[in-house]
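J.: What Swiss-Prot records for 132 is active site, phosphocysteine intermediate. Annotation comment: Swiss-Prot describes 37-188 as domain 'Tyrosine-protein phosphatase', evidence class sequence analysis. Per Swiss-Prot, the feature N6-succinyllysine maps to 85; the stated evidence is similarity to another entry. The transit peptide annotation in Swiss-Prot covers 1-31.
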């Protein structure tokens, strides 16, 4: 790993709890500063912040979540979220696609894996909770890829659709670039068929 990547990963670890506390604060405060913990994007996908253990019952029973796409690194979910085994015990499959917080970009392969995972649950009439720490960047990138595939939208159209529902998403330029690559691959496959 290059020195800059080590620094970025280290910075993400140092800032994890302070930024998580900020996310919790924004979820609990009233008025214009309030941010909902998660939002339903369509009949299959919910986009949100860390699915805390206390939310499990609501996600499974009220939202019909049977799949969880975790864009976090393992250390981010170690103490506050269900383990893969705990998810399995309540009938939920977890797919972990580890991506560094703040500076990370999901790989093209992971975007494809995540979209196929969501489509599997879509075909079963069940829901998928896609998350990172705050539900703003890494997970929003994954949800944009899902919308690109499902609706044949451009990356910009997908991001705009998400932002209309969850206005505080933040797709960085490097994440937009990977979405453009994803879109190009999806369009090329569609042209072959």
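Cβ coordinates are placed from backbone N, Cα and C, and glycine is handled just like the others.
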J.: If you run the three-state DSSP split on the residue listed as 'N6-succinyllysine', which class comes out?
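T.: It is helical.
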J.: Report, in whole Å, the straight Cα-to-Cα distance of residue 85 (N6-succinyllysine) from residue 132 (active site, phosphocysteine intermediate).
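T.: That comes out at 19 Å between the alpha carbons.
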J.: When you measure from the Cβ of the residue listed as 'N6-succinyllysine', how many other Cβ atoms are you left with inside 10 Å?
T.: 8
J.: I want to verify one value. Collapsing DSSP to three states, which class is the residue listed as 'active site, phosphocysteine intermediate'?
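T.: Going by the DSSP assignment, the residue listed as 'active site, phosphocysteine intermediate' belongs to neither helix nor strand, so it counts as coil.
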J.: Over all shown protein chains, what is the count of other CB atoms within 10 A of the CB belonging to the residue listed as 'active site, phosphocysteine intermediate'?
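T.: Other Cβ atoms within 10 Å of the residue listed as 'active site, phosphocysteine intermediate': 27.
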